[in-house]
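**Q** Got a structure here, written out as structure tokens. Questions coming.
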Ligand code: 5BU
């Protein structure tokens with residue numbers, strides 16, 4: 001039997017979530033009435049902070065050219081003030097021992113501040129074991145990249161199925177997927193009880209005014225992603241912050257538009 005996770009409200013799904021971060025994400029979405037994550041790919045701290053102040057959601061740190069640890073304190077303060085969580089889209093993809101060090105240490109100390117991070121399943125379960133050794137004691141959550149939004153992505157077919165099988169075996173830490181559709185039941189065998197499965201699906205490649213970029217990115221609308229293919233959270237970058245991170249009013253207005261389209265599609269899905 002197929003799971004009905006996406007037909008239940010975020011609030012209901014929070015009640016059934018066993019991972020601390022998954023619960024926190026569902027509760028926050030229900031409380032703030034938003035299923036929007038803003039992806040902030042900028043290279044300097046002042047632009048990053050300006051955009052976060054304008055939209056208050058999630059980001060990348062590894063492309064910042066002027067990262068220093070005081071930024072983490074600023075981010076944590078902003079997160080508490082505006083009631084949002086951080087997803088570091090780090091896309092770990094190495095052996096367990098190495099990713100554990102990359103996650104906990106180095107300049108960015110990602111595990112100390114990011115509620116959620118993600119990993120490519122390409123190394124096999126080792127990547128989950130390594131990240132989980134650091135993240136699980138801190139109550140963090142992991143998303144596996146089961147699919148990508150780019151044209152010609154190799155994350156399709158049996159690769160995607162294997163990613164979901166890996167997740168199924170590590171449900172304490174793997175809370176869901178970066179994907180373009182729902183993943184409950186994908187690659188399942190007769191021994192799997194998929195009727196109770198509930199994966200958090202975060203979906204990039206979202207744009208209202210464009211179909212893609214010149215480098216293979218492909219966009220769908222919030223409505224298509226949430227209503228037609230069951231995404232739980234839409235990830236929007238340039239559709240919101242555009243080309244000038246200083247245009248705070250325009251950025252806030254765009255964020256509001258994506259947020260209201262994403263939420264309307266979710267309400268329609270529930271009804
Ligand atoms: P954009 O500006 O909305 O195109 O940015 C999309 C973000 O989502 C960007 O940070 C990418 O790294 C991220 N992304 C993506 O676009 N497609 C994918 O399949 C994955 C991540 Br995985």
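Cβ coordinates are placed from backbone N, Cα and C, and glycine is handled just like the others.
Positions annotated as active site, for OMPdecase activity by TrEMBL: 89, 91, 94. The substrate binding site annotation in TrEMBL covers 41, 149, 217, 237, 238. Taken from TrEMBL, the feature domain 'Orotidine 5'-phosphate decarboxylase' applies to 35-251.
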**Q** Checking the contact step here: among the binding-site residues 149, 237, 238, which have a Cα within 10 Å of the Cα of residue 89 (active site, for OMPdecase activity)?
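**A** Candidates kept after distance check: none.
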**Q** Between the recorded positions 41, 89, 94, whose Cβ has more other Cβ atoms within 10 Å than any of the rest?
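**A** When each Cβ's neighbours within 10 Å are tallied, 89 tops the list.
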**Q** From the Cα of residue 217 (substrate binding site) across to the Cα of residue 94 (active site, for OMPdecase activity), what is the distance in angstrom?
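**A** Between the alpha carbons of residue 94 (active site, for OMPdecase activity) and residue 217 (substrate binding site) there are 24 Å.
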**Q** Where does residue 238 (substrate binding site) sit in the DSSP three-state scheme?
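**A** Residue 238 (substrate binding site) sits in a helix per DSSP.
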**Q** Once near-sequence residues are set aside, which residues in the chain of residue 238 (substrate binding site), 6 or more away, have Cβ atoms under 8 Å from its Cβ?
**A** 41, 207, 213
**Q** Taking the Cβ of residue 217 (substrate binding site) as the centre, how many other Cβ atoms fall within a 10 Å radius?
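**A** A count of 18.
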**Q** Tell me the coarse DSSP state (helix, strand, coil) of residue 149 (substrate binding site).
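**A** Going by the DSSP assignment, residue 149 (substrate binding site) belongs to neither helix nor strand, so it counts as coil.
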**Q** Please give me the CB contact count at 10 A for residue 149 (substrate binding site), counting all chains in the structure.
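**A** So the Cβ neighbour count for residue 149 (substrate binding site) comes to 21.
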**Q** Could you list the residues of the same chain, at least six apart in sequence, whose Cβ is under 8 A from the Cβ of residue 91 (active site, for OMPdecase activity)?
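**A** Looking at Cβ-Cβ distances below 8 Å from residue 91 (active site, for OMPdecase activity), excluding near sequence neighbours, one finds 118, 119, 120, 145.
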**Q** Near the Cβ of residue 237 (substrate binding site), how many other Cβ atoms are there if near means within 10 Å?
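**A** Total other Cβ atoms inside 10 Å, all chains included: 22.
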**Q** Taking the centroid of the Cβ atoms of 41, 149, 217, 237, 238 (substrate site), which other same-chain residues have Cβ within 8 Å of it?
**A** 39, 204, 205, 213, 236, 239
